[in-house]
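Report on the following structure.
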Amino acid sequence: MAGKSSLFKIILLGDGGVGKSSLMNRYVTNKFDSQLFHTIGVEFLNKDLEVDGHFVTMQIWDTAGQERFRSLRTPFYRGSDCCLLTFSVDDSQSFQNLSNWKKEFIYYADVKEPESFPFVILGNKTDIKERQVSTEEAQAWCKDNGDYPYFETSAKDSTNVAAAFEEAVRRILATEDRSDHLIQTDTVNLHRKPKPNSSCC
C-alpha cells in the first residue's frame, strides 16, 4: 500500500517589504539573502516535514505586497488551508494594514467560515532594534480579531520561523478533515501480495 501524507497550501500575506520572501526562503532552504527583490505576482516552495506524527507537504506561497500586483496575486488565494498575515515590527503601517489583508484574503479566497479559518500572525524583523509596534499591541490585535496565535520572527537570524510554520500546520490539522488533503508518497509496501482478479457473470 502506498504511504500517504497531507498537502497543505499556506499563503503569506502582508505589505511589500515586510520579509515574506525571506521568511519562506529561511524556512525552506535555511538561507537568508538581504538583497532579495520584491516579489512580482506569486511564487511558491514546497517543504516536507513531520508534525506531531503527521507527515505533511507544505506548499508555501509568497505573494507580492504592492497594491499594483493585486490582480496577479488574488487568484492564488483560493484553496489555501492557512494564511500567515505578516507585518514588520519596525513598520507601524504594515501592522495597521493587517485588517485589510485579512479582508482581502477572506473575499478572494471565498472563505465560507472566516471565524474558524486558521490565521497565524507574524511580526517579522525582530532583529531590528527600532520597533514601531510593541509585542503587547500585536497580541491585543490578535486577541480582538480572532484569538490568533502570534509569533515574533526574524528571517535574518531564524528566530521562531520554524515554530510559526509548524503552528500553521497544527492549526490546519485541528480544523480540517485531512482526507481532503491526502496525497500519495513514494513509499510502497513491497511485500503485499496482489489481489486475484475477480469476475462476475
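Glycine is treated like the rest: Cβ placed from N, Cα and C.
Fair warning: this is a prediction, and the values are worked out from it, not measured in the lab.
In Swiss-Prot, the motif 'Switch 2' annotation falls on 64-78 of the listed ranges 64-78, 79-93, 139-153.
Of the candidate ranges 7-18, 31-42, 103-114, Swiss-Prot annotates residues 31-42 with the feature motif 'Switch 1'.
In three-state terms derived from DSSP, Asp62 (Mg(2+) binding site) belongs to an extended strand segment. Other C-beta atoms found within 10 angstroms of the C-beta of Asp62 (Mg(2+) binding site) number 23, with every protein chain shown included.
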